[in-house]
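Written out below as structure tokens is the structure these notes cover.
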């Protein structure tokens, strides 16, 4: 057995406390980095803390690539750069680097060097609670912070379920999409056929809207102004390429929907959208079903062709009944020329057709 009072520590993680130490965090880090050790230093965190008496204390977490054995209790002593004063720390082997790091996070005045080495243990007893780790991640305020917390405190889930975590956290911490502002007024579209203008004036309204409005399908070549015109009518939901109806994407306060370049063969909720149906639900990926208030018309925009045209889709032999239903719930028009006379709108239209905004003004 070792003699009483003999100093010896053999550990990968060291927790040092320097009481009444006025050195800056930068001075401490510089001196610790200069220490010659047989194993590489992987991570150093220096934390400055003011106690109630106003005296500064310094805490240090040192992580090594492998175990560092030392029998020299003066090994981690620091020296003042301006005088011959030495500062001796209390030295402990950190049972849980994650707990020590979290403790130092509370004070906030920290300086880090290197990459923190994840420790799945907790000094509070065994493995940390998964619920605690996930609760902290949800309260972190950002996707990146949440992922970093789970990397440290739920490393198994981080490795095995990263694809799900990444996707779910992207949705949870999705930024609010700013309202769309049309670069053109409706008057800029000076070649809109009268029957399309009439449809818009009768069906796209905030007040006095029809109880069961009629939708419209507009088919035409690219760069004819379909999308720009449709998005200039008022506040709307813009769905392009695929449908995502979660509450951060789809608004029940919109006047109408614009469904742009969605293959009708794979259009989810075809009848609900085209028929302006009210009070229906949609299953949201990685979330609970969302309630759609509905009762608003939809503008369907498409190009000619078998995987785009709604007319060609409804002409398929298996869709006879659906075609009859659609003829009573939507108007179908084919554009022969652009909806504008200015060349500039055509260039902008090409960019717009590639975008995917949401509720827009």
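Placement of Cβ uses the backbone N, Cα and C atoms for every residue, glycine included.
Sequence annotations record features per position, and here Swiss-Prot assigns divalent metal cation binding site to 49, 57, 59, 107 based on sequence analysis. Taken residue by residue with DSSP, residue 107 (divalent metal cation binding site) is part of a helix. Its Cβ taken as reference, residue 107 (divalent metal cation binding site) is surrounded by 13 other Cβ atoms within 10 Å in the chains shown.
Per Swiss-Prot, ATP binding site is recorded for 220, 221, 222, 223, 224, 225, 226, 227, and the stated evidence type is sequence analysis. Around residue 222 (ATP binding site), a 10 Å sphere centred on its CB holds 12 further CB atoms from the protein chains shown.
If you look up Swiss-Prot, you'll see 8-116 marked as domain 'CRESS-DNA virus Rep endonuclease', on the strength of sequence analysis.
Secondary structure counts, DSSP: the region 'Binding to RBR1' (143-153) has 11 helix, 0 strand, 0 coil. Swiss-Prot lists 143-153 with the feature region 'Binding to RBR1'.
The region 'Oligomerization' annotation in Swiss-Prot covers 156-176.
Sequence annotations record features per position, and here Swiss-Prot assigns motif 'RCR-1' to 15-18. Within the chain, the motif 'RCR-1' (15-18) has long-range Cβ neighbours (under 8 A, six or more residues past its boundaries) at 28, 57-62, 76, 78, 87-94, 100.
Sequence-distant contacts of the motif 'RCR-3' (103-106) (same chain, six or more residues past either end, CB-CB distance under 8 Å): 45, 47, 59, 61. According to Swiss-Prot, the motif 'RCR-3' annotation covers 103-106, on the basis of sequence analysis.
Taking the centroid of the Cβ atoms of 49, 57, 59, 107 as the divalent metal cation site, the other same-chain residues with Cβ within 8 Å of it are 17, 47, 48, 50, 56, 58, 104, 109. If you take the Cα of residue 49 (divalent metal cation binding site) and the Cα of residue 227 (ATP binding site), they are about 58 angstrom apart, rounded to a whole number.
For residue 220 (ATP binding site), the spatially nearest entry among the binding-site residues 57, 59, 107 is 107, judged by CA separation. Here residue 226 (ATP binding site) is positioned 67 angstrom away from residue 57 (divalent metal cation binding site), judged by their C-alpha atoms. DSSP assigns residue 49 (divalent metal cation binding site) to a strand in the three-state reduction. Highest Cβ count within 10 Å among the binding-site residues 224, 227: 227.
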